[in-house]
Every structure is written in C-alpha cells, then in structure tokens.
Amino acid sequence: MDRGLSTGTNQSGAGLRERAVTSQADLNVITENPTVTNASNGKDKAGKTFGRTPDGTVFTVPQTHDMVSQLLSPSEPKNLSDLVVLTILAGHIFLLWILPSGAKIPVFAVIYLFWRSCYNAGIGWLLHNQSHHKTLVRWAEKSQIFVNPATGKNPYPQLYHLIKRELEIKISKDYSFEEAPLEYNTWLVFRRLVDLILMCDFASYCLFAIACSRHPANESVLMTVIRWTSGIALVLFNLWVKLDAHRVVKDYAWYWGDFFYLIDQELTFDGVFEMAPHPMYSVGYAGYYGISLMAASYKVLFISIIAHAAQFAFLVLVENPHIDKTYNPPPPRKRTITEHDAASQRSQSPDTPNAPSVSEENVPNATTFSSPPPAVHNLLGFHNLDLHRITDTSSILVQFLMFSLTVLTPSTPWYQFLFVANAAIWRLWYSVGIGYLLNRQSNCKSWTRHFVKYGETPHEAWNQWKGTYHLSMVMCYASFISAVWKMYTLPSNWGYGLAILRHVLGAGLISLQIWTSVSIYESLGEFGWFYGDFFFDESPKLTYNGIYRFLNNPERVLGLAGVWGAVLITASGTVAFLAFLSHILSLGFIQFVERPHMQKLYGRSLRQDAGLVKSLKRSLPPSLRQLHGSVDKIFDESYEFIEEIIDTARPKLAAGVNTFVRDTTALFQKYPARVTISRIDADLAGYDLRDYSLTVEASQLPLDEGDLSKEGDNARTPLDRRGDLENLVFPYGTPVKVKWTAPLNHSKKDWIGLYKVTDNTSREVTRVSSQGRWVAVNEGFYDNLTCERGILISDVVVSTSQGDNGEKHDIATGEVVFSGDKLFWTQGVFEFRYHHNGKHNVMAISRPFEVRIPRFEEEDHFDMSQTAVETSLLPVIQNCFDRDPEIAPETPEEQYGSLVERDGKFAKRVVFAVHQMFGVEFAPEVVRSDGNVRNLAWRICNAKRVLAPYSMSRDGATTPTESKE
C-alpha cells in the first residue's frame, strides 16, 4: 500500500543550493519509484493499459479499485474474501467492547504490533523474495493452482474455481482468469492478502488509540481545542496525501505491481510526489501523530513512532533495492571498437584520462585543472575515517578535548558562559569566516592563488580547503553540543508538564537534521558538499535529484532542525539564542555567499520554485499567490539594502581594521558467531554412491614446484608422480565448470556446494554453511532463482560400466558452472560437494583444487615494464568483473562499466589480486577512480618505484643478494 516513492524522472530547472556534481555522479540518475498516469503513451485510443511480464508477454491490465471502496462501498460487488476481512475487522471491534478496561491497552498493543509485523516483516519478506527470486510466481507455478483442471495437471481444482470466482467478481471488464498471465493472477491473489493485513493494521491502531484516549487533568478549554484542531488537521492532511498518491500511482504501484510485471507507460512526477521524498512513508504518516494528539496518550505516540520507523526500514530494505534494480540500471558502457578508435579517444581527453606511456612520463606538460580531481579518499563518514590523515586525526583530537572539558568541568554559570561563547564564536567562524573565504575564492580565486604562489597545485589547494572546512564544521557542532550539555538539566519529574513531549519532539527534529544532511550529501557528493564549484570551473551543469527535487535549499529550514530540537530538549533561553544565531547566520551565508556564486555560475538555468513550492502555490487561491509574491519582493529588497550598506561600509571597516592591527602590533610582538544447522536425510536406501561423481574443469595455471632451495636434501628432488593426474591450479576468479553424475532416480532437489577443504572434517555430512556458493542440479525445484544461475545441462542419460560386475547401466549427468559471487575470492584449496535432496548428506566430493594468484616477477623495480603489467593484469581484472561484457574491459585502455562504480565488491576483488600479484596495497576507491587497466598499471609501476628503497624482498634495491648464476 504505502508506496513512499516519488514518480517519474528528474525535472530540469533552477535552485540555489544545488551545486554542480562530478561527472560520475551525473551518471547516477536517482529515479524514484515510477508510476503511471492516464495521459501516458502506454494506453490505446480506448484508454486501456498494457502490462508486460518478465518473459515479454503483453496483456491488457484491467481497471481495479482501491481496497476501501472494494470493502465498504455498497456499489462494489462483494466476494468471500471481502466478507472474511470485514468479519475479522468486526471481531476486532467486538473484542474492544468485551475486554475489561485494564486489558484493552496491552491486548490491542500486542494485536497492533502483530499486524504491523505482518505488514513490514511479512509482506516485506514476500516482496524481497519476489524481487530477487520470483518466489511468489514460482510458488504459483509449482503448485499449478492457476492451471485449468480440465488439463488434469491441477491438483487443487476446488481452489482453482474458488480463486477464479473471487477474482472475476471483482474485475468484470477486460479480464479473463484463464488467459491472464501467471504473474498478474499471482499479483491479484497477493493483493487480497495485502488488503487483509493493511485493513487490520489500521483498524487495530485506531482501536488501540481509542483504548488509550483520555482527557488530561487540568487541561484548559483552549488547549483542548488546539489539540483536537491540530489532530484533525493532521488526519485530514494524511487523508489528502493518501488520496492524491493513489490518484497518481493507481493500484499498480499501491500494491507493488512492479514486483510482478511492468506497465508500458511513461513515468510521471506529479502531485504529492513533488512535495516530499517518499510521501507515503514520510508525510503520509502525519495522521498517526494527529491521532496521538487527539488521544492525548504517550502510549499512542510511542507506538506511532515504532510503526513509522518500521515503515522506513521496509522502504530501505525492500523497496529501494527493488527500485534501483528495476528503474535505475547502470547505463551501457561506451565501447572501444578498434585500435584506431581507441587512439582517437585517448587523444580527445576522455572523462578518465589514460596514464602516460613510458616515453611520455618524463616530458613536462602544463597540466590543466579545470576539472575536479577524482574522488578517491573521501572525508565524510565513519567508513572513510583514516587516522593516517591529519584532518581526521585533528578532528578526533579536538573533539576529544572538547568533550573531555565538557564532562570534567562543573556546570556553573561561569563555565556555562564560556561554553556558550565558544559555541557562538565557532558558529560565527563557520558562517562568516568560511563565507568570507568562499566569497573571495568566488570573486578572485584567492584561496587557490595562495597555494599556487608557493608552487602548489590547485588540487593541493582543494585538499587543504576540504580539511579546513571539515574541521570548522566539526568544531561548530561539537562546541554547540557541548554548550547544550552544559545548559541541560535532567527533569526531576518526567510526568510533569510537557517534559516527555519536549524530548520526543526534540529527538525527532535532531533525526530530521541528520536525515537532511545525509540526503544532501547523497545528492551533492563530496565535491558539492565542500563547494567544489568555487574551485573548479568545469562546464556548469545543474542536476535536481534526491532532496533537491523538492527543495531548493533544504539546509535553510530542515538542515537546522536539530538546533531547534536542542532548544526543545533543554528548554533554555541561552540555547534558543544559539539556535537563532545559527539560523540567521546560515540564512545570511546562503543569501550573500551561495546565491551570488550560483547566479554567476549558472545564470538563468537556476530554478525559481522547487517541487514543494510549486505544489503549495497551485493549492493557494490567487489572492494568496499575489501576497506570496509581494513578500518575496520585500525580502529581496531587504537583502539588497543590506548588501548596499555592507558595500558602503567595507572601505571604512577595512581602514579601521588596518589601524587596529597596526596599533596592536606596536603593543604586542609577537577510530558473529553464526549457528549452522546441518539437515540430514535418513532415507538413503536405493542410491548407489558409485553412481555419484564430480569432475572439475577450468583454465589452469602452469604448474610451479616452487623454490626448493629452502628444503632439506631429500625434499629438493622433483615430485615423483605415480599416475596421470596432476594438481589442479586455477587462476583467481576464473569460472569453474563441474560435471556431475547421479543415479536416474536421484532427487531433483540435489545440489552442489563449494567449500574450503579445511572447513569440513566429515566426508559424509557437510556441517558448514555454503554462504550462497551453491547451484541446484535441476531447475524449478527451489523457490529462488539464484541457485539456478549456473545450470548448463541437467539429467542427460548416459551409460556407464561402473558396478560390481562391470555391467553397463544408465545414469544421469549434467553440468553446472560456478562464477561470480558463487566463488571464493581468495587463495586456497577448495572442493565441491554433491548433496542429496536439499539436505547436507554428501554423495560425492570432487578432487581438491587450488586457486592461486601468480606473483608478478620483475627483474628490476626501476625498469618495470608497464606493458607487461597491463598484460598480466587484464585477464585478472576480467575475472574480477565476472567476465561480464558490460563491465569487463577487453583492452587495457577500455573503460570499466558503470556498475564497478556502484558495487564495491568488484574493486575489492581487484585490490586483493593486485596486493598478491605485485605486493602493493591500494584502497578500492583507487580502482574505481582509475577507470581502466592502463591507469591502474601505471599506478602500480609508480608505486613499485616509490616503495623500492623500502622493499625487503630478495630483489629489493637496498638488500644485498648473491649474484645470480
């Protein structure tokens, strides 16, 4: 139901805070949940909508109605499932009536939490598995409940006729149960389950609120009127959000239809979806808090917060991954067709420039810095914390010092004054000081010029600026938190007054600011967060995605919600002064620093009204729209007046400052355990283990006996092999094909898993989880698709002579391939195990095989050939990228596919391989930044040259070695 996802694609326009983002970020178009409108191109002249199943089947999507109309409208036909839902709802109401007063609240709290769990956990689990494995459709396919009993293949004919009657009663036009695709019928049945859960969820919540409702003692009439008026207003607003959302998304997205099939229509971005991100999950829960107000119960408020948090978890864990997979796939890679084209592209400076060749390295070139450096080592986030970096170390030390002083000093008026003054000074520096530096950088590039004057590069100036801004931001908020700590007093009586409400609202505002900051960072990236367009004059390009789709300057209000949350929690006038100062200075920063630069950089392309403002303006009467324009004009004229005063006073202030400095100079010189359950099938009679076998095939590395000079005398002789079998040594990441044999009556749920040899002590039973590294031997017998990826051939009948008397008999054989996530991305010795009937009984074990990354041998670190490195590195990277033609390069200069930037697992595989091959350790961000094999090879060669003096290997430049014979 609650599809908290906006509809449509990005809209171009203009806004103040949306700074330019890097080119890579521009590729990541953040598309909210697509929905359809009646005006879309996917309808024919008769107004019919067409759907498309995953196998390409096109069908007419009949018109359906929302669940409230279906259940409660007398004009809508009723079926058995409607009566079941209405009966259960009536049972809830009857239960509230018969329960004693003392039992109503706990009983309905449990009932509501049960239905909420069914919603977020139950439906979430079903949708997650449907998205990844088509589980619901596979259940319907395996059970054959939608197959006509006349064919004799439906084991449940009565259930078939019941479902057919139930669905056809509801959908009278453009629908035939027999002809509708399996996916659509499955979705219709899933809808009935959703109707039951969602109606019971909301009904039990309302009944719980009724059970908890009370009239506070000594509450004035005015407060009662305000409380009920506000509550009713929130409920009505919630109702409008739901109705407008359903108008836009229809039943298709309301019931998660895109988990089952897609609509052949254009995407839209309309109505409430212009107002807020994920409106069904954000503002769509305003009614819960309105009901809490009317009930005047903290119990209702807290259970509303729990429900709201669970809904956001549902969004993050279920819906967002499905949306990214369905509507935001990585764009196709631009391929290099010929060597001539590759040379042409290199000469035209592509987005990721290729590293220089050996002959080019020593030629001095004038480097241009119009584009920002690639983001390799970001600053923000705990996952980017690096104690080797002075910015991070300084930030941690100053915060530790600040909070230590806060905790160890008493909260006397004198110390309170010092901490408040410290917070005010840091806020002034963060807004006025940083604003002045950015203004000078915008007008005359003063920050960059300073570093260029001392021989540094603009990239160094950019890095130093990021450190300065980051430390200033950290100290601004650390000092504010310290001041709030000093001014806060724990309530002596939590039940008196509005103490609990103040803390709940304050915590909510703080959470809102944190979410806003995270959303801004996700939209702008590291480059935009640190005002990169003040430093690099790349071609101006605005994007309006994420939170900027709805607001031009989210930090103007939402970005400072947390400071006002601190005011509510402390109930302190001093903290209110700090919050007011912070808000005024932030507004001034936007008006006098950001806005002039944005207008200069982007001009008329700036958007005047964001999505929220447009929605509000459309809902206002003409007289109020005119008043809004007049107010905007007054504010603009006021800002212009203040700017004129500052421009006039600037020379006088400068002269006064110079005099003050001159006089002053004269006076002063101067940082789980998992439980595995092995399932055993006791009935193994009738299966001949000699018919089971596993044979491993893959491209092999040349055998290397190793360096025997360290061994004893007897161990230095070459291995004496008695037989034709040799060691199996496979390259890192290469797909491994497994040929299996089994009796003809083998279970169709048999499966093959990949394990480290040392992980299992038993040869009869596997007691270690496969962790997803397994493939079924037959298709269609498991409720997910992942286990079937890799099946090549199944149940081919062949003859064999194995047996006691050597007689030939038939067995089944097949082939599967393990690749990608089904492999161990490390070195070691592994084996495959054939398991029986979906359990962990081992029927056959393959020969052990070794996965090895060959060490790159170079004669001299200083003469290391980049071409040789490229040649050795290319096949390894192709394996690391699953040999996927959409992302794996075919030549050293070909760019990686965009999925490498999104999914960090590919870069992690590469850096592990590079570390083992060359002894050089890189961060995964380096692989993504380099963008192709040639750049990475150049970086490896350069790193080897830099680290050669510190090498302790036998061939190290500073290590004396014996002369080679």
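Glycine is treated like the rest: Cβ placed from N, Cα and C.
Membrane topology per Swiss-Prot: Thr64 and Asp821 sit on opposite sides, carrying different topological domain names. Taking every recorded stretch in 221-241, 298-318, 395-415, 417-437, 504-524 and counting its Cβ pairs under 8 Å to the transmembrane segment (560-580), the highest total belongs to 504-524. For the topological domain 'Lumenal' (438-470), DSSP puts the residue distribution at 28 helix, 0 strand, 5 coil. Contact between the transmembrane segment (298-318) and the transmembrane segment (417-437) does not hold: fewer than three of their C-beta pairs are under 8 Å, each pair 6 or more apart in sequence.
Spatially, the transmembrane segment (221-241) is not adjacent to the transmembrane segment (107-127); fewer than three Cβ-Cβ distances between them are under 8 Å for residues at least 6 apart in sequence.
With DSSP states grouped into helix (H, G, I), strand (E, B) and coil, the topological domain 'Cytoplasmic' (492-503) comes out at 5 helix, 0 strand, 7 coil. When each of 107-127, 275-295, 471-491, 504-524 is checked for Cβ pairs under 8 Å to the transmembrane segment (417-437), 471-491 comes out on top. Within the same chain, residues 298, 301, 568-569, 571 sit at least 6 positions outside the topological domain 'Cytoplasmic' (492-503) and bring their C-beta atoms closer than 8 Å to a C-beta of that stretch.
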